[in-house]
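A.B. asks: Starting off with a structure, shown below.
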Amino acid sequence: MSPPSAKSMEEGRTPSVQYGYGDPKTLEGEIEEHTATKRGLSSRQLQLLAIGGCIGTGLFVGTSTVLTQTGPAPLLMSYIVMASIVWFVMNVLGEMTTYLPIRGVSVPYLIGRFTEPSIGFASGYNYWYSFAMLLASEVTASGLIIEYWNPPVSVGLWIAIVLVVILALNVFAVEWYGESEFWFAGLKILAIIGLIILGVVLFFGGGPNHDRLGFRYWQDPGAFNPYLVPGDTGKFLGFWTALIKSGFSFIFSPELITTAAGEVEAPRRNIPKATKRFIYRVFTFYILGSLVIGVTVAYNDPTLEAGVESGGSGAGASPFVVAIQNAGIGGLNHVVNAAILISAWSSGNAWCYAGSRTLYSLAGEGQAPKIFTRTNRTGVPYVAVLATWTIGLLSFLNLSSSGQTVFYWFTNITTVGGFINWVLIGIAYLRFRKALQFHGMLDMLPFKTPLQPYGTYYVMFIISILTLTNGYAVFFPGRFTASDFLVSYIVFAIFLALYAGHKIWYRTPWLTKVSEVDIFTGKDEIDRLCENDMERQPRNWLERVWWWIF
């Protein structure tokens, strides 16, 4: 029996727009009405967009906190585990997005479409808020990184400059954003590759002092720094803490490809390509980077501990810089600080893009004011960009010490919010697979990834436990504070309030029936768009190498 058509599918179900979620067909209609986004992102831009958002201050600086608290072994182990989780999250998003890379698509749109409207609503605002706060976080980091050079003007001026540049790159044509992010990300990749090579040189004693490090610091002071309690229990808690904290380095990076799907050329060719190559780069940069950090800096290094305790965000708190200084290499710390600045600036650029497209998608679904669907003549949803960028002004809170405390709350909330959304992505993917199986279409997927659905079960299990235990340390004797408890768990209240409020108001079902999950609307349009898409063949060896990389 042949699968039902999109028309017959819609005739046999209740339109989801009655719940305020917005039918996929409505999404397309609203976007067309206000000038659609343009497919202006190339394959090379899409690939570096994702990895560029992933390589941020978490890798260059955030690793210092994990190293000092837990030791080099938990740092490496946690990055391996988190990279495997990101691989599966990226794969399931790649499958769903390649199947339906429609205009205005976003991760919460897919979640709501394949689960039920209230989950999509809560997820959507969780995503938008998190992206906007991450923008503010990276802008703040940029200002503090510049402070490393002790400029004669206030950090507030640098924050303003960074914000204005990010707005300019996002409010004009998407090609501007894509090209700027391509070069930003390229510089970050060169920086991390250079630091990894430098680490290998220091490992074998190639520095100015010719001190062969080897695995010295894994023996003294040791591979593990017991956390909270001594012995093996403390070592395990160190690993678990490292796993929780490493989430900030990876969070939301898989979603960037889905966010850009509606604006990329030849989506069914370029999205799978970006998905496959993204994870290779993550494994290379993050795992090798964490290994280099662990062998070149001791977890009890006084300079590193001082940088972490001072709350620095620039080169002074970077384990890479500490390793360079210990090796007696002069001047290179300024180069690394410039690389960290580019990293933070680029990540802020990516989060502004992701937040604006998420808000744009919410408005197209009827979940946000219609004004956010407005686009300019180049296809950029400028109202959504301005709304997301405005949240970035919270970065000025860091001009006061009390503001830094409040801002610390916001940035921690985004990490937990990201964990919650990864669990929801898993649920949406399982529902997507069941709907395809129901209609006998599972083998018709244009892009299939290995180890599914078992990889999704693995992600949901690990991330659920991480989410529930992310604030476990506050329950140890003498460590409980109301602020730390709220930082760890208030995101649950926010998410549940959004979810329950929408469900009570619209009386949505607990889950859309598998037989009614819409896997058809928009598919015919994408099939027509991609049916004549033929990949160009390289004309010479230079093109062959270039296309192999990008």
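Cβ from N, Cα, C; glycine included.
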A.B. asks: Taking the topology from Swiss-Prot, would Glu181 and Thr512 be on the same side of the membrane?
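C.D. replies: Yes, Swiss-Prot places Glu181 and Thr512 on the same side of the membrane.
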A.B. asks: Which value does the mean pLDDT take for the topological domain 'Extracellular' (299-321) in this predicted structure?
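C.D. replies: Mean model confidence (pLDDT) across the topological domain 'Extracellular' (299-321) is 78.
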A.B. asks: Test of understanding: applying the rule of at least three C-beta pairs under 8 Å (pairs 6 or more apart in sequence), is the transmembrane segment (73-93) touching the transmembrane segment (278-298)?
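C.D. replies: Since 3 or more Cβ pairs under 8 Å link them, the transmembrane segment (278-298) and the transmembrane segment (73-93) do come into contact.
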A.B. asks: Sequence-remote contacts (6 or more beyond its ends) of the transmembrane segment (127-147), Cβ cut-off under 8 Å?
C.D. replies: 56-57, 61, 106-108, 155-156, 158-159, 162-163, 166, 252, 255, 312-315, 337, 340-341, 344-345, 347-348, 351-352, 354-355, 358-359, 362, 388-389, 391-395, 398, 407, 410-411, 413-414, 417-418, 421
A.B. asks: Using Cβ atoms only, state whether the transmembrane segment (153-173) and the transmembrane segment (322-342) have three or more pairs under 8 Å that are 6 or more apart in sequence.
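C.D. replies: No, the stretches stay apart by this measure.
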A.B. asks: Between the stretches 184-204, 237-257, 407-427, which wins on the count of C-beta pairs under 8 angstroms to the transmembrane segment (322-342)?
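C.D. replies: Top-ranked stretch among 184-204, 237-257, 407-427: 184-204.
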A.B. asks: List the helix, strand and coil residue totals of the topological domain 'Cytoplasmic' (258-277) as derived from DSSP.
C.D. replies: 16 helix, 1 strand, 3 coil
A.B. asks: Give the nonlocal contacts of the topological domain 'Extracellular' (69-72) in its own chain as ranges (CB under 8 Å, at least six residues past its ends).
C.D. replies: 217-218, 221-225, 227, 238-239, 241-242, 245, 293-295, 299
A.B. asks: Determine which residues of the chain contact the transmembrane segment (407-427) at the Cβ level, with the cut-off under 8 Å and only residues 6 or more beyond its ends counted.
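C.D. replies: Here the qualifying positions are 85, 89, 92-93, 107-108, 110-111, 115, 119, 123, 126-127, 129-130, 133-134, 136-137, 140, 247-248, 251-252, 255, 394-395, 397-398, 456-457, 459-460, 463-464, 466-467, 470, 483, 486-492, 494-495.
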